[in-house]
Each structure stands twice: as structure tokens, then as C-alpha cells.
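*Asks:* Found this in TrEMBL, in case it helps:
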- 85-103: transmembrane segment (TRANSMEM)
- 109-129: transmembrane segment (TRANSMEM)
- 150-175: transmembrane segment (TRANSMEM)
- 181-199: transmembrane segment (TRANSMEM)
- 239-259: transmembrane segment (TRANSMEM)
- 271-289: transmembrane segment (TRANSMEM)
- 301-320: transmembrane segment (TRANSMEM)
- 332-348: transmembrane segment (TRANSMEM)
- 369-396: transmembrane segment (TRANSMEM)
- 402-425: transmembrane segment (TRANSMEM)
């Protein structure tokens with residue numbers, strides 16, 4: 001028994017190393033994307049609405065995640081179903097960022113968008129494979145007390161990279177060109193590619209697919225299993241609620257970015273510190289969830305998070321009206337703390353929900369279900385961004401006129417409150433499901 005326990009711990013250490021690297025690199029994507037924001041605003045003179053549209057349009061490859069999940073579940077590459085897709089995703093991202101670096105300064109926004117789409121395609125493939133590894137390896141943990149531990153570890157790896165990326169990026173904006181930031185991230189992706197290729201997937205002790213059916217029949221079988229999983233009300237209703245809690249909120253991300261940098265003239269380092277503070281909070285919440293709240297019903301945790309998001313949005317109204325400034329709280333301090341917390345909360349919502357989905361997901365289609373979830377979330381985020389652009393246009397908010405921003409934020413907060421009306425769609429607890437024949 002002692003040898004088996006030691007072998008299981010060794011395997012889990014390897015899994016954590018692979019998962020930690022994968023999520024860390026994806027978390028560090030904020031480093032080049034911070035450069036993209038300032039490159040578009042200052043280098044290409046893109047207005048706030050166009051900036052937000054481009055940011056959200058570049059996420060379109062994320063919507064096709066179920067396809068990547070089906071391929072990862074059903075089509076093995078040299079006998080491996082996860083790590084080759086992680087490596088492929090890293091390579092595609094490296095190619096896209098290197099292309100942006102090597103193309104002329106006069107590159108059109110159209111070409112820039114195409115390469116950003118290619119980069120996000122690679123990120124999507126890698127994320128699907130990483131999520132599947134977490135879901136599959138998490139089920140190898142026999143002790144209920146360790147439930148959700150791997151998900152928390154993955155989120156902490158992601159958050160730590162996000163904190164470092166935003167911290168370094170906030171200073172790098174003033175020291176080096178955005179293209180240098182893109183080159184550094186491309187080199188990191190190449191390092192991940194060669195490292196991942198060198199790791200045999202057999203050392204992770206992941207579940208293996210039974211049978212020797214053809215790739216086409218494997219995909220059809222996997223699609224059938226995904227349909228069976230999505231017919232379960234506890235899975236489908238939960239995904240609908242989670243996606244709607246993002247999609248129906250018209251986020252004013254581009255508008256707030258211009259308000260903070262153009263209207264308030266905040267230094268780029270302040271924007272970076274804001275994201276660092278948010279990622280630090282994300283890591284702290286991940287630890288707190290693992291230690292204290294993982295046994296709390298998912299419905300209660302997600303409802304509490306949604307209420308907190310609404311309160312922070314209302315706080316933004318007081319910020320725009322200058323009430324905090326009158327109380328002696330500087331704009332920089334508010335942006336670092338409260339804006340960072342709001343952004344982190346939107347990310348943290350995924351932790352308790354992914355733990356719930358991993359518990360509900362039938363064995364054998366973890367990659368497909370988690371990919372479908374991430375696809376729905378990506379589509380919801382895109383819709384939210386487009387609604388934010390429409391709301392800003394309706395309120396007459398531009399890169400120089402922010403008179404309607406207060407009312408726009410109140411509308412945003414009211415929309416964020418609505419999902420609480422049908423929070424009963426979320427199961428109180430998740431129970432592992434056996435795969436249906």
C-alpha cells in the first residue's frame with residue numbers, strides 16, 4: 001500500500017508540473033496583450049469602441065472549443081490524446097506572435113487581427129487539452145478531501161503568471177516597444193513547445209480509451225457521449241446559467257480603459273498594478289476556496305460571487321462621480337484595488353463552476369464537456385463585449401466624452417443582478433456520474 005501511495009504521489013507531481021506549466025504560460029498571455037492594448041490605442045490610434053470589438057473578435061476561435069475537445073478525446077496523436085494538443089497550441093501561438101514581430105510597422109489592423117485569431121486558436125487548443133488533463137487527473141484523486149485541489153492549483157498557476165505578466169508588462173510599456181514584448185512571449189511559447197514534446201503522456205497515468213475503432217467512428221462515439229452528457233439537466237442548466245451570467249452583462253472594458261488612460265491620464269504601470277492586485281486576490285481566493293469553501297454548495301458560492309460583482313460595479317459609479325476622490329482616495333489607488341478585484345472575480349467564478357462540472361461530467365468525455373463549457377463561456381464573453389460597445393454607443397460614450405458613463409455602469413450592474421433570479425438552475429452539490437451505455 002505504501003508503494004502504491006508513493007507511486008500515485010509521484011504521478012500527481014508530474015501532472016502538477018505539466019498542468020502548472022500549461023496554465024502558467026496561458027496566464028502570462030496578459031503580458032503581450034497589455035502591449036497590444038497600448039499598441040492599438042497609441043500606435044494605431046484605434047478608438048475605444050473599435051478596440052473592444054477587436055479584442056472580442058479575436059476570441060472567436062474560443063467558440064470552437066467543443067471541436068478541439070472532440071478531437072482531443074477521440075483522435076490520438078502517436079498514442080497520446082492530450083500533450084500533443086498542448087504542444088500544437090503552443091506552436092501556433094508562437095508562430096502568430098513572431099509574425100506580428102516580423103511584419104512591417106505599417107501592418108494593417110486586418111492582418112493584425114488575423115494573427116491574433118491564429119494565436120487565440122492555439123491558445124484554445126492548449127486550454128482544452130489542459131482542462132481535460134485537470135478533469136481526468138482530478139478523478140484519480142480518491143480522497144474526497146482532495147476534491148478540487150488540482151483545479152485550485154491550476155488556477156493559482158494561471159493567476160501567478162497573470163500577476164507577474166501584468167507587473168512586468170506595466171513597466172515594460174514605458175521601457176521597450178510592444179514588439180519586444182511580443183518577441184519575449186513567443187520565445188516562452190517555443191520553450192513550452194519543446195518541453196511538452198519531451199514529456200511522455202504515459203507518465204501522467206491518464207485514463208485510456210478502450211477499443212481500436214477508427215478515428216471517424218471515435219469522433220461519432222465521442223459526439224454521442226457529449227450529447228448524452230448535455231441531456232443531463234444538472235449539466236445543461238448549469239452551463240446555461242453560467243454562460244448567461246456573462247453574456248447578459250454589457251461590459252464597458254474598452255471604455256473604462258480609455259477613461260483611465262485618456263481622461264484620468266493614469267500611468268500604464270497603474271493599469272499593470274491593478275491587474276497584478278487582481279491576480280494576487282485570485283490566488284488568495286483559490287487557496288481560501290480549497291481550504292474553506294469547497295464543501296459549500298456551488299449555488300451559494302456562485303450567488304455570493306455574483307452579488308459581489310454587482311456591488312463592485314456600483315462602486316465604479318461612485319468612482320466616476322468623484323466621490324472617492326473627495327474622500328481622499330486617489331484615482332490610482334481605486335483603480336489598482338477595486339478594478340483589479342472586479343476583473344479577478346469574473347475569472348474566479350470559473351473555479352467553483354469547473355469543480356462542479358468535473359464532478360458531474362460522465363467519465364470518458366471530460367475533454368468534450370469542459371471544452372463545450374469553455375466554448376459557451378467564450379461566446380458569452382464575446383456577446384458581452386459587443387453589448388458593451390452597443391451600450392456605450394447608445395449612451396453617447398466616446399474616447400473623449402464620458403458624460404454617460406455613470407448611467408452605463410448602472411445598466412451594467414442591473415444586468416449583472418438578473419442571473420440571481422434563476423440561480424436555482426445550479427445544483428447544490430456535484431456527484432460523479434457513471435457513463436451511460
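Placed from the backbone N, Cα and C atoms, the Cβ positions cover glycine too.
Just so you know, TrEMBL annotations are computer predictions that nobody has curated.
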*Asks:* Counting only CB pairs under 8 A, let me know which of 85-103, 239-259, 301-320, 369-396 has the most with the transmembrane segment (181-199).
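*Replies:* The stretch with the most close Cβ contacts to the transmembrane segment (181-199) is 85-103.
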*Asks:* Against the transmembrane segment (301-320), which of these stretches has the most C-beta pairs under 8 Å: 150-175, 239-259, 271-289, 369-396, 402-425?
*Replies:* 402-425
*Asks:* When you scan the chain for residues with a C-beta under 8 Å from the transmembrane segment (271-289), skipping those not six or more beyond its ends, what do you find?
*Replies:* 27, 30, 34, 148, 152, 155-156, 158-160, 162-163, 166-171, 173, 257, 260-261, 301, 335-337, 339-344, 347-348, 351-352
